[in-house]
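Asks: Below is one structure. I have some questions about it.
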Amino acid sequence: MKRKIAVAAALAASLLGVAACSGGGTDEGATSATGKVDGAGKTIKVWLMVDAETSWKDVVDDASKRFTEATGAQVNVEYQQWANHLTKLDATLAGSDVPDVVELGNTEFSKYVFSGGFAELNKGDFENSDTWLSGLSGACESEGKVYCVPYYAGARVMIYRTDLFDKAGIKEAPKTYTDFLAALDKVQTGNAADKKFSALYMPGQYWYAAMSWVKSTGGEIAKQDGDKWVGQLSSPQSQEGLQRWVDMTKKYSKADPTKNENEQAGIVAQGSAGAFYGNGWEQGVAEETRKDPNDPNSALVPTKIKGKLAAAPLPEVPSFLGGSNLGVTAKSANKELAAQWVKYFTDSKSMEGLVKASALPNASSLMDKAAADNPKLAPAALSAKNSWFPPNAEKWADVEKASILQTMLTDILTGKKTVADGAKWADEQIAATLNEA
Amino acid sequence: MQAVDSRPVQAPAPLKTADRSGARRKRDTRTAWLLSLPTLIILIGMLGYPLYRMIVLSFQNMRLRELFSGATPPWAGVDQYAKALTDDVFWGIVARTAAFTVVSVTLSVTAGLGIALLMRRVHAKVRIFMMVAMMFVWALPQLVAAQAFRWLTDSDFGVLNYLFSKVFGDEWLNHSWFVNPWEGWAVITTLVVWAGIPFLAISLSAGLTQVPKELVEAATVDGASSWQTLRNITLPILKPLLTIVTTLSVIWNFGLFTQNWALRDSHPEPVYQTLATYSYTQAFGRSLYSYGSAISVITVLLMLGVMVFYIRQMFKIGEVD
Amino acid sequence: MARHDDGVVTVGRSRIGTVFANTGGILFGLVMIFPVYWVLNTAFKPDAEVRSFTPTFWPENPTLDNFRSALGEQHFLPSMVNGLVITAMAVAAALVVGFLAALAIARFAFYGRKAIILVVLAVQLVPFLALLIPLFLMLQGVNLTNTLVGVALVYLVLLLPYTVWTLRGFISGIPRELDEAAMIDGCTRAQVFWRIILPLTGPGLVATSVYGFIQAWNEFIIINTLNDPNHQNLMAWLLYNQTERGTAWGPLMAGAIITSIPVVVFFLIIQRNIATGLTAGAVKG
């Protein structure tokens, strides 16, 4: 009870604080993205993640151009690295010179919405907002208000070596999970001579993948019970999924149980893997490498497995729906301009550009067209139809930060803990983290 | 190369006789304080005040919300300390940090002393080679060294696994060094000891030049074994220097951050957390600024004994007058 | 007892022992230098050799591509400039401020001197990272996060105690008789300072500033917490440079070499002073 009062007091205090800082005329209600704003002489600052720079810079430029034509304001885009962007964001949002628009991963947003970091927006102002992918927009919503706009999504697919599958007598992508395992079996046997060969490359801390297996047997990570979160990994369904993932990984993967998926495309490109589970675009990364890895415009060089990969949804395993959202910061001095820029950057025209660059659009209504326009995107678009996302808890980002799932996965994969013990430990940690006052 | 500053600095006697009046002394005191003032202001403002803020913060509950809004965080009393002190994870980290410190300092000081002694027995050219190798290692920035070790021990492309697989067999091909915490900590300890040896070996070898040759020769003539000579002559003379370098190593290694942070790719798993990384992760990763501060305060308190010992030692050996 | 040509006195030791010692010494040196060699080796390899399951112990197709790649990365050169600016500001300020205090401690007998010495010694031991949280909040409160000045200020505090302590040693090393003679000749205290102490402390100032440079140049945790990507130094770049395939080890190692060069060069120049300075009571950050 006492705690609740404290929270309420802090909430009230901070709302006052935010209002005082924002200084804009309209500090109540949602920021509109539709009105006519004269932005001449103004520049808005936009923080996007590095993916936009490497894969669809033209879309950013085009949206900015249309925005400038409409409002007269300039746009200054800065690209951030995933590794440390949250620390940077905290430091920056605490100050007064803040970016006006910020991109965050969909699982990261809740914490910032709850902490008063982002301004309320008017959902109806944005195109396709009635069919936004709920895996993205879930994190934007709090008590019926909307604080961010879905930007793009990615769904995981199975990317496999057509030549090796062919040689093992598998002519088309497996249709059932049993077929999938049987295929791995054959590929594994056919390549036993290669000491480093993994029929399926599956790094041990790839929790997006492991949790997909949990979902495949009807399991859950955590669920809300009243105002408390309860870890669900110990449930029989979840344990079954974990066990499935562990059995498969132990049998078919030689990947490092302490690595995550960051380097997987580069490792698979060495030729010692039959398949891997990745974002649609990772197929391209595995087949071709930049001559200069630090220069997104440098020439593409084919790898050993160029032209030997294909992608398909992994049968019976729902995909994690990753992706990003865009928010307008609460302290921004140009909220309306910022919202307008977001509007242009997430409209149907921009989404078409993203689809060309093999990212999934932000709304389900665009999905079929995306698959038709870009055949490379079809498996991912299909995969996105059967997808899941992490618990929409305000402290979910802390669970990721604390490496709880990653640690559990390494432990159960290496036999340090049984699946039951690992799941129990993770449940305790997750509950403690999500329910922390 | 002198290891211990051999000229003990005398307290500056007040300048010569003639006008050794009270007025002069007063003026000296004023000038001296004026000269020290900028330093003191900076130290108080940027060290004293933050220290105070840290202590205050540790009794509050500051989160992201207060950070963004600038509102005063709610008072939390000793909650943060209670939370830390009743948490097994926290005690595990204290124990791990302490154990790592003891092991790594013992290993590095022993190795440093061994190398220093070895350097006295080898050919001049070999000695120069050893010195050059150590100089490069010493000069290498900590983070570069840590990244180099991350690359050496990479499970897919690391040269260490390649060499091990040639010697011990194919099961080392994809070996992951951080699955087993003992192996992982062995890598971290190796890195710390490797990087620490140059400072220790070079200082101690300089210290060894101060052991009078006559004493050693006399002992040998009297039939003392090398071990006896080391124990009864060399080590006692080296003792003040050994104490200082050991204390410094304890202080540095207890604050381990860079090595485990970089080797675990900026997100150390629970078993690879030390007090420094844990406090950092709590504060800047999870936005528990107050809890992170409480852990920092506890860390400083734990270190206090070593620091007092160090300063007393400095006074004792006449380094400070 | 034998005296060898290298001048080392070996007492009653066998030839075999010496052979063992020499072999051990060479092995030790090789093991020590191997990681450094591997950094160099990696930096000069083309990507295909870096990311290869069978590493080569010599670049078969040596290339400078990795260096080009690192230098061309958009944040690399700006980070280098930032690092230089921050370091210069911090070192210069520490030198000026620290010199005055060192002068007071070394040349004046006054009430409170011991207390100042104690403070200077003690603050060198405070684990600086522990103060990062309040420092972050303080700097953010005065809008100095995401600035070079803010970080330089923090580094100044990091360097100051060491600077005072080392310079005190150098000033004490100047014979007091020189001061006294000059004063008998009619010099004022200020003149003694400008004409005698400052010139004679020259080498000490160089050594101290180079050491300060190394400390500030090598720091990455503080700057990474306080500043955004546009206000980073090269160390932070080294920690976080990532590509879509994870860490690009070739360019990273090339970047590491570029970053290390000034440090290694400076270090080798002043290594004598460092060995003395550290054990004479100063602390390596």
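Numbers here mean position along the shown chain, with the first residue as 1.
Just so it is clear, glycine is given a Cβ too, placed from its N, Cα and C backbone atoms.
Pulled the feature table from TrEMBL, pasting it below:
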{"type": "REGION", "residues": "B:1-24", "note": "region 'Disordered'"}
{"type": "TRANSMEM", "residues": "B:32-52", "note": "transmembrane segment"}
{"type": "TRANSMEM", "residues": "B:89-116", "note": "transmembrane segment"}
{"type": "DOMAIN", "residues": "B:94-310", "note": "domain 'ABC transmembrane type-1'"}
{"type": "TRANSMEM", "residues": "B:128-149", "note": "transmembrane segment"}
{"type": "TRANSMEM", "residues": "B:184-204", "note": "transmembrane segment"}
{"type": "TRANSMEM", "residues": "B:241-262", "note": "transmembrane segment"}
{"type": "TRANSMEM", "residues": "B:288-311", "note": "transmembrane segment"}
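How buried are these features, and what lies next to them?
Replies: Proximity of distant same-chain residues to the transmembrane segment (B:128-149), defined by a Cβ-Cβ separation under 8 Å and at least 6 residues beyond the stretch ends, is recorded for 115, 118-119, 122, 187, 190-191, 194-195, 197-199, 201-202, 258-259, 261-263.
Outside the transmembrane segment (B:184-204) by six or more residues, the chain places 1, 3, 100, 103-104, 107-109, 111-113, 115-116, 119, 131, 134-135, 137-138, 140, 142, 145-146, 149, 153, 177-178, 238, 241-242, 245, 249, 252-253, 256, 259-260, 263, 271-272 with a CB less than 8 A from a CB of the stretch.
Panel annotation: around the transmembrane segment (B:288-311), residues 54-55, 57-63, 67, 73, 76, 80-81, 83-84, 90, 94, 244, 247-248, 250-251, 254-255, 275-276, 278-280, 282 of the same chain, lying at least six beyond its termini, place a Cβ under 8 Å from a Cβ of the stretch.
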Asks: Same chain only, please: residues at least 6 beyond the ends of the transmembrane segment (B:241-262) with a C-beta under 8 Å from a C-beta of the stretch. Say none if there are none.
Replies: 3-4, 97-98, 100-101, 104-105, 108-109, 112-113, 142-143, 146-147, 149-150, 188, 191-192, 196, 199-200, 203-204, 207, 235, 268, 272-277, 280, 299, 302-303, 306-307, 309-310, 313-314, 317
Asks: So if I exclude everything within five residues of the ends of the transmembrane segment (B:89-116), which remaining residues of that chain have a CB under 8 angstroms from its CBs? That is, six or more out.
Replies: 130, 185, 188-189, 192-193, 196-197, 199-205, 207-208, 238, 242, 245-246, 249-250, 253-254, 256, 270-271, 273-276, 278, 295, 302
